[in-house]
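Visitor: What follows is a structure written as structure tokens; I'll ask about it next.
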Amino acid sequence: MKGLVKKISAPGLWMENLPIPSHVKDDEVLIKTIKTSICGTDVHIYKWDAWAQKNVPVPLVIGHEFIGEIAEFGKNVKGFKIGERVCGEGHIVCNQCPNCRMGRKHVCMHTKGLGYHISGCFAEYFVLPAENVFSLPPSISDDLGAIFDPYGNAVHTTLAFNLIGEDVLITGAGPIGIMAAAIAKQAGARHIVITDVNDYRLDLARTMGVSHAINVNRESLDNFMQSLGIKYGFTVGLEMSGHPDGLKTLTEKIRHGGNIALLGILPPATSIDWNLVIFKMLTLKGIYGREIFSTWYQMVHLLEIGLNLAPIITHHFSVDNFEKGFEVMLSGQSGKVILDWV
């Protein structure tokens with residue numbers, strides 16, 4: 001079978017001919033891949049930057065965003081059938097730590113990541129624990145199923161705090177930030193403002209129905225707030241950029257007693273004015289992945305009541321042309337990029 005492998009400790013990926021997994025354990029499922037989506041994490045691995053060099057074993061099949069169908073399952077697996085369309089949770093948990101035993105698996109203390117700690121989904125077939133598999137209703141397209149992982153990040157972050165009638169500032173108009181803006185609108189926020197320095201991404205946000213998309217290199221956020229009647233500051237902030245300036249902006253523009261959820265991965269030495277956090281009594285909440293599986297059901301329900309994410313998928317490539325997919329991702333001129341496996 002075909003598989004995209006980080007073969008050696010160097011930039012790039014390699015298309016390899018791999019054996020189809022032949023031993024499916026009693027509690028596992030063998031999945032035939034239909035589509036995968038390229039994540040920013042995959043780009044880090046492709047570039048082989050400092051984060052990837054530190055965290056990713058070599059050689060490794062990468063990838064964690066997928067839709068596929070069940071090809072085989074172990075004898076203990078119940079509730080699935082051959083040919084069923086599925087996606088899945090890419091965080092493999094231990095089921096033994098205190099958080100897992102209390103039902104809080106999204107904060108497992110020993111989480112392993114599909115495609116960057118253990119063998120991933122960028123292959124024609126791959127194995128996943130049955131407890132991580134999520135069946136998709138027919139109403140959800142293959143394309144949307146392939147991006148359920150990042151969509152779940154957006155849902156988890158956006159709904160971390162009450163949004164009904166609130167004013168929301170999102171720093172970072174990458175695909176997850178843009179999806180977060182659409183989710184916030186669906187969830188009843190009053191004003192939603194998203195900031196970035198990439199005009200392509202801001203235009204994509206507008207295509208997704210975000211009316212307040214600001215290039216902070218050219219436009220004044222203060223003036224924009226004034227035009228919207230936001231006198232005391234935003235009540236909720238979502239940090240999606242992973243850039244120190246994004247966090248700085250949020251601590252300055254969120255009103256006293258406001259809430260900030262952080263998904264973007266900031267540099268380790270990022271500084272913050274803790275006096276603003278303390279004296280404004282701000283609440284900061286880190287977000288990693290999705291709540292297992294409550295976020296997943298929210299994802300389905302939001303789509304069923306009209307959330308439209310289709311425009312966030314901007315490019316499709318055959319997996320044989322995966323290099324072009326990564327080039328588009330590296331250009332910054334894309335939303336989500338899909339690789340077709342069948």
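Note that Cβ sites are derived from N, Cα and C of the backbone, with glycine treated the same way.
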Visitor: Write down the one residue from CYS39, CYS94 that Swiss-Prot lists together with HIS64, GLU65 as binding Zn(2+) 1.
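Guide: Of CYS39, CYS94, CYS39 joins HIS64, GLU65 in the Zn(2+) 1 site that Swiss-Prot records.
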Visitor: So Swiss-Prot lists CYS94, CYS97, CYS100 for Zn(2+) 2; which of CYS87, CYS108 goes with them?
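Guide: Candidate in the recorded Zn(2+) 2 site: CYS108.
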Visitor: Looking at Swiss-Prot, which one out of ILE176, ILE305, ILE312 binds NAD(+) in the same site as ASP196, ARG201, LEU263, GLY264, ILE265, ILE287, TYR288?
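Guide: Candidate listed by Swiss-Prot for the same site: ILE176.
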Visitor: Which one is closest to TYR288 (NAD(+) binding site) in space, judged by CA to CA distance, out of the recorded positions THR41, GLU65, CYS94?
Guide: THR41
Visitor: Helix, strand or coil for HIS44 (active site, charge relay system)? Use DSSP.
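Guide: DSSP call for HIS44 (active site, charge relay system): helix.
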Visitor: Using the alpha carbons only, what distance in Å do you get between HIS44 (active site, charge relay system) and GLU65 (Zn(2+) 1 binding site) once rounded?
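Guide: Cα to Cα, HIS44 (active site, charge relay system) and GLU65 (Zn(2+) 1 binding site) are separated by 15 Å.
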